[in-house]
Structures are given as C-alpha cells and as structure tokens.
Amino acid sequence: MGVLVDSQKEGFGSSWGGLKNLVRRKQVDCAHTKRLDNPQLAKELTIPHLVAVGVGSTIGAGVYILVGAVAREHSGPALSMCFLIAGIAAALSAFCYAELASRCPSAGSAYHYSYICVGEGVAWLVGWALILEYTIGGSAVARGISPNLALLFGGENSLPTFLARQHFPGLDVMVDPCAAVLVLIVTGFLCLGIKESALAQGIVTAVNVFAMLFVIIAGGYLGFKTGWTGYEVPTEYFPFGVDGMLAGSATVFFSYIGFDTVASTAEEVKNPKRDLPLGIALSLSICCCLYMLVSIVIVGLVPYYAMDPDTPISSAFASNGMQWAAYIITVGAVTALISTLMGSILPQPRILMAMARDGLLPSFFLDVNKHTQVPVNSTLATGIVASILAFFMDVSQLAGMVSVGTLIAFTMVAVSVLILRYVPPDEVPLPSSLQESIDSYMLRHNSDAQMINGENPAKSPGDPCLPLLGEKKVAVDCTVVEKLEALSSFTAGTLDEENRRKIASWTIMLICVGAFILTFSASNLWFSSLIRFTLCGAGGLLLLSGLVILTCIDQDDERHNFGHAGGFICPFVPLLPISCILINVYLLINLEVATWVRVSVWLMIGVLIYTFYGRRHSSLLNAIYVPKAHVDEIYRSSGAML
C-alpha cells in the first residue's frame with residue numbers, strides 16, 4: 001500500500017480529469033486549514049441564541065392555517081398524532097445534523113458535510129438547491145406578511161399607499177412594496193452582526209411563542225368550560241383511517257423545516273461540540289410540543305369537520321365568543337412570518353461564503369466585514385435578490401421548490417453519516433505548494449521502510465551486492481521468520497480493511513438505489529400491480545439487505561478521529577440514517593411534477609455554472625491527496641504552524 005497518493009492514485013503530479021472531479025473531497029477544517037487566508041466568522045452564539053434561531057426559523061404562520069386543512073381532510077381528532085409522527089421523522093434528520101454539525105463546525109451546513117463525505121459534484125448540487133430554497137422561501141414569506149399586517153390596521157386596504165399592494169393591469173403584475181421593504185430591513189439587521197441578529201430574532205420569536213401560549217391556555221380554559229365538544233363527535237378517533245393520519249403527517253412535516261438553520265451557524269458558535277446538538281434538540285422539542293398542544297386545543301374546541309380551513313384558530317375562538325382573540329393570533333402570525341423571514345435569509349450568505357471559500361463561486365462572496373465579522377457581500381446580495389423577487393413576483397406557485405432543497409439536504413446529510421461511520425475519507429487533499437515537502441517526506445518514509453525490511457536505501461538496483469557483515473548499522477534485529485510473519489499479518493489486515501470499505505461503499509450506494517425504487521414504485525399507482533409489487537419487493541430487499549450488511553460489518557475505527565471528535569454521536573446507526581433516507585426520498589418523490597420541472601431548470605443552470613466556472617476554480621483543482629496518517633508530519637516538515 002503506497003504511502004503517498006495523488007488524487008488519481010497513479011503517481012504524483014497527475015490531476016483528476018473528467019468525471020473524477022465530481023468525487024474529490026475536501027478536508028475537515030483543522031489547525032492546518034485555519035492557517036490559510038480565509039476570513040473567519042465571529043464566535044458569538046450560545047445555546048439561547050441557537051434556540052431563538054431554531055424556533056424562530058421553524059415556527060411559521062403555516063401552523064395558524066395548517067391545522068384546519070389537515071384536520072378536515074386527513075386526521076380528524078388525531079391531529080396531534082400527525083404532528084408527533086412528523087416530529088419524530090424530523091428528529092431523524094436532526095440526529096444526523098447534530099453529529100455532523102458538532103464534528104464539522106464550519107459554515108455551509110449540508111453543503112459542507114456533503115463536500116467532505118460524498119464529493120464535490122453532489123456538494124455543488126446540494127449548495128445550489130439550498131440557494132434556491134432560501135431565496136424562494138424568503139421571498140414567499142415576505143409576500144405573506146403584508147396581508148397580515150393589513151389585518152392589524154383594520155382591513156385589507158388599510159396600509160399606507162406606498163406600502164400597499166398595487167396591480168399593474170398591463171403587465172399583469174401585483175407588486176408588494178411592503179414585502180420588499182421588510183426583506184431589506186431584515187437584511188440590514190443581519191449585517192449588524194450574528195449576535196445582534198440572533199437577539200432580534202429571539203425577541204420576535206418570543207412574541208410568537210407568547211401568542212401560541214395564549215392559544216393553548218385560553219383555548220384550554222374554553223375547552224374545559226364547554227366540555228371539549230370537538231372530541232364528542234360520533235366518528236372514531238381516526239375518521240380517515242391510519243393512512244389518512246400518515247398523509248397528514250407528511251403534510252405537517254414541512255412545518256418542522258427550519259432547525260437546519262442552527263447547523264448553518266456552526267462556525268459562529270462558541271462551543272459547537274456541546275451547543276449545536278443541544279440547540280437543534282431544544283429547538284425541535286419546543287416546536288413539537290407547541291404544535292401538539294395547539295392542535296389538541298383547537299380540535300377540542302370545534303369538531304374537525306366544522307373547522308374553517310383558512311382561519312381555523314381565529315374562528316374557533318370566535319365561535320366561543322372571543323372575537324378579540326383574532327388580534328392576538330394575527331400578531332402571532334405576523335411575528336412568526338418575520339422570524340421565519342430572518343431564518344430564511346440568515347443561512348444563505350454562509351452557504352455562498354462557504355462555496356466561495358472552496359473556489360466554486362467568485363471571491364466576491366468571500367468578503368467578511370472586519371468589525372461585524374459578517375459576510376456582508378453575500379448578505380447584501382441575498383437580501384437584494386430576495387427583495388426584488390418579493391416585490392415583483394407572486395412566488396406562491398414556486399413555494400414547492402423550497403421543499404426540494406430541504407429534502408435533498410436532509411437526504412445527503414443522512415448519507416454522509418453512513419459514510420462517516422463506515423468509509424470515512426482516508427486521504428486528505430493538500431495544496432500543491434507543499435509538493436516539495438511531500439516529495440521530501442516520501443523519500444524519507446520510503447527510506448525508513450526499506451531499512452525496516454532489511455534493505456539498504458543507499459544502494460541502487462544496479463549496485464553490486466555488499467556483504468551484510470560490512471554494514472556498520474543494522475536497522476532491524478528481528479529474525480527473517482518474524483519479519484515475514486509481520487509482513488503477512490500486515491498484508492492480510494490491509495486487504496481485510498480494504499474489502500470491508502468496498503463492501504460498505506457498495507452497500508450504501510445500493511441502499512440509496514433501493515430507497516428510490518421502493519418509494520417510486522409505491523407512489524406511482526399507474527404501474528400495473530405486477531410491476532408495482534415486483535419493484536417494491538426489489539427495493540425493499542435492497543434496503544433490508546443493506547441494513548443487515550451494515551449492521552453485521554464493523555464500523556471504521558477512524559470515525560472516532562473524524563473532524564472534531566468528542567461531540568454528539570448519532571444513535572441507532574445504520575437504522576436511523578437509513579430510515580431518514582427512506583422518509584425524505586418518499587417525500588421528494590411525492591412532490592408535484594411541475595415543481596420538479598422548475599427545479600430541474602434551476603439545477604441545469606447550476607450544472608452549467610459548475611462546468612464553466614466552479615470546476616476550473618475549485619480549491620482542489622491541483623490538490624495532492626495523501627493518507628491521513630501522514631498529514632501532520634508533512635506539515636511539520638514544511639515548517640507550517642500547528
């Protein structure tokens with residue numbers, strides 16, 4: 001087994017070509033990579049900041065509307081069970097995020113993890129999809145704020161003229177100045193500093209949480225007063241069956257999207273190994289509890305079939321003589337939208353900065369303000385684009401595209417956990433500037449290896465044989481038999497490890513294929529029964545076989561040394577990541593065809609940008625890959641500071 005290898009494993013100096021560029025992987029941030037002239041973000045965030053960011057990004061105004069539609073069409077009185085099951089499904093991804101965020105605490109979130117564990121091509125698509133998610137998501141949220149603000153001021157047309165929506169018949173465009181202004185205000189807050197923006201989001205989130213607590217407490221009082229009439233319906237607890245409840249769970253699953261924003265701030269957390277897992281867990285737990293309590297109360301106040309699908313909470317209180325509660329609920333909806341807007345814009349500048357660090361985007365996005373330590377250029381670019389979209393476009397029809405980026409990211413994070421555990425990267429890319437140090441170290445290492453094997457490194461193959469008795473130094477004093485046994489043992493162990501890694505790699509790939517086949521065939525009813533059941537059986541067999549194989553083989557010992565060791569460890573591997581992959585692929589398959597057509601256009605644009613710019617400017621373009629065990633010695637020999 002060679003001591004030093006390049007990216008092509010064919011000798012030093014050669015570079016990957018063609019499709020092999022897509023699978024080159026970067027190094028986890030460490031003391032060596034910190035020495036480069038990459039600007040660093042301020043480490044200001046603690047657990048309360050992370051909880052404020054996570055809860056604020058997750059709880060949107062959708063919960064004030066979603067409960068009515070899901071209860072009427074899917075769950076009935078079992079609405080709280082829908083939120084519980086969806087919360088458990090979201091927790092699977094949260095566990096995966098927690099481990100990777102604590103091990104790789106750098107900007108970029110799922111893009112960063114995919115680049116380290118999977119490869120450059122997949123990482124680019126993940127990052128490109130996340131850019132779409134946050135841009136469209138922020139614009140869609142901003143367009144929803146102005147109607148709710150108008151309700152607080154007396155009605156639909158109560159906003160000042162310069163902020164009110166205006167329709168241009170000739171262009172058939174409905175502009176929304178209020179949405180554009182709100183995006184710019186939020187962008188300004190984010191430019192002040194991560195601590196200040198987290199504090200502002202915490203204040204807005206607190207108002208939203210208080211509004212939800214009002215719904216829970218006041219609604220509970222009304223429920224006990226009226227005898228919980230909503231639960232005294234003649235139908236069963238599951239009027240639409242278990243299938244209906246599961247369909248409702250898939251619908252409300254998207255109300256948990258937002259906790260991944262916590263992972264995007266990993267580089268700005270003071271103690272990432274402890275605070276990031278706790279921040280993610282607390283955010284998700286708080287949101288799940290609030291969702292379930294609100295759903296329990298609202299379904300108990302009004303029978304599920306009589307709920308208003310547009311304003312279920314307000315109408316539930318109005319039917320019990322509390323019309324004034326609509327103002328508090330509207331305040332909660334407005335603050336929920338504002339905090340979600342901040343959570344949508346916050347991660348994107350960090351992803352743009354991370355991609356620019358890796359050379360995949362222009363260095364314009366790399367600039368970090370010296371005083372606020374915020375990626376100002378990326379933040380301003382994000383805010384301006386989102387503001388323009390919010391002003392001109394009705395992006396509600398594009399809202400489904402937000403889910404694609406999230407689910408792709410969730411899926412790749414789960415795959416990354418499997419790779420981390422079973423086949424973590426065993427080679428590290430070093431810059432070509434260290435070529436001389438690498439060559440020098442290779443010569444010394446080969447010389448030492450020859451001495452250990454009883455050879456004379458100073459003797460070339462053409463030299464005459466020198467008597468062993470004439471040598472002044474004997475490097476090894478073991479017998480020939482002992483050396484042969486050691487060499488045989490080493491070779492056998494190396495082959496066994498290589499075989500284990502190959503088996504694990506193929507198994508992870510087959511798990512992804514099996515998840516796609518199973519979910520695709522199960523979701524498409526236009527297949528004939530024979531074809532459908534055959535494909536479902538094949539996909540299920542691949543998934544089950546992969547689970548059994550990964551459970552039986554050993555995990556890689558290097559997983560303990562991957563990244564920043566000592567942080568959170570995802571439990572129930574490989575079962576938990578495989579379940580996460582299956583759930584997210586199922587949700588991806590069941591998105592509308594029109595959504596996939598739009599996303600495909602965006603991804604094709606991303607492929608063109610990567611082909612003509614990112615691939616040629618990647619920081620790994622001329623990297624030299626060496627075994628991980630030799631990296632520290634190479635840096636020491638080059639005189640680099642640890």
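Each Cβ is built from the backbone N, Cα and C atoms, and glycine gets one as well.
The annotation domain 'Cationic amino acid transporter C-terminal' is assigned in TrEMBL to 568-618.
Counting same-chain residues at least six beyond the ends of the transmembrane segment (50-71), those with a Cβ under 8 angstroms from any Cβ of the stretch are 77, 79, 82, 141, 144, 148, 198-199, 201-202, 204-206, 208-209, 212, 248, 251-252, 254-259, 261-262, 265, 269, 275-276, 278-280, 282-284, 286-287, 290-291, 294-295, 298-299, 304, 307-313, 329, 332-334, 336-337, 339-340, 342-344, 346. The annotation transmembrane segment is assigned in TrEMBL to 50-71 (among others).
Under the heading transmembrane segment, TrEMBL lists 77-98 (among others).
Tertiary neighbourhood of the transmembrane segment (110-131): same-chain residues 21-28, 100, 104, 260, 263, 347-348, 351-352, 354-355, 358, 360, 404-405, 408-410, 412-413, 415-416, 419-420, 424-425, 563, 599, 602-603, 606, 609-610, 614, 618, 620, selected by CB-CB distance under 8 Å and a gap of 6+ residues from either end. The transmembrane segment feature in TrEMBL is assigned to 110-131 (among others).
Tertiary proximity for the transmembrane segment (173-194) is limited to same-chain residues at least six positions away from its ends with a CB under 8 Å from its CB atoms, namely 41-42, 44-45, 138-139, 142-143, 145-146, 149, 159, 162-167, 200, 265, 268, 338, 341-342, 345-346, 349, 369, 372-374, 376, 379-380, 382-384, 386-388, 390-392, 394. Positions annotated as transmembrane segment by TrEMBL: 173-194 (among others).
The annotation transmembrane segment is assigned in TrEMBL to 206-224 (among others).
What TrEMBL records for 244-266 (among others) is transmembrane segment.
The transmembrane segment annotation in TrEMBL covers 278-304 (among others).
When Cβ-Cβ distances below 8 Å are used as the criterion, the transmembrane segment (374-392) is approached by residues 41-42, 134-136, 138-139, 142-143, 173, 175-177, 179-180, 182-184, 186-188, 190-194, 344-345, 348-350, 352-353, 356, 364-368 of the same chain, each at least six residues removed from its ends. If you look up TrEMBL, you'll see 374-392 (among others) marked as transmembrane segment.
The annotation transmembrane segment is assigned in TrEMBL to 398-420 (among others).
Taken from TrEMBL, the feature transmembrane segment covers 503-523 (among others).
The feature transmembrane segment is assigned by TrEMBL to 529-553 (among others). Using a Cβ-Cβ cut-off under 8 Å and counting only residues 6 or more beyond its ends in the same chain, the transmembrane segment (529-553) has close neighbours at 418, 422, 500, 503-504, 507-508, 510-511, 513-522, 574-575, 578, 582.
For the transmembrane segment (565-589), the list of distant contacts is 89, 92-93, 95-96, 98-99, 102-103, 250, 253, 272-274, 276-277, 403-404, 407-408, 410-411, 413-415, 417-418, 421-422, 511-512, 515-516, 518-520, 522-523, 543, 546-547, 550-551, 555: same-chain residues at least six beyond its ends, Cβ to Cβ under 8 Å. The transmembrane segment annotation in TrEMBL covers 565-589 (among others).
Under 8 Å from some Cβ of the transmembrane segment (398-420) lie the Cβ atoms of residues 92-93, 96-97, 99-100, 103, 109-111, 113-114, 116-118, 122, 125-126, 129-134, 136-137, 140, 254, 257, 260, 508, 511-512, 550, 559, 562, 570, 573-574, 577-578, 580-581, 584-585, 587-588, 591-592, 594-596, 598-599, 602, all in the same chain and six or more residues away from its ends. Away from its own ends, the transmembrane segment (206-224) comes close to residues 52, 55-56, 59, 63, 286, 290, 293-294, 297-298, 300-301, 313, 316-317, 320, 322, 325, 328-329, 331-333, 335-336, 339 of its chain (Cβ-Cβ under 8 Å, at least six residues beyond either end). Comparing 77-98, 244-266, 503-523 for CB pairs under 8 angstroms to the transmembrane segment (278-304), the maximum falls on 77-98. Per DSSP, the domain 'Cationic amino acid transporter C-terminal' (568-618) is made up of 40 helix, 0 strand, 11 coil. If you average pLDDT over the domain 'Cationic amino acid transporter C-terminal' (568-618) in this model, you get 93.
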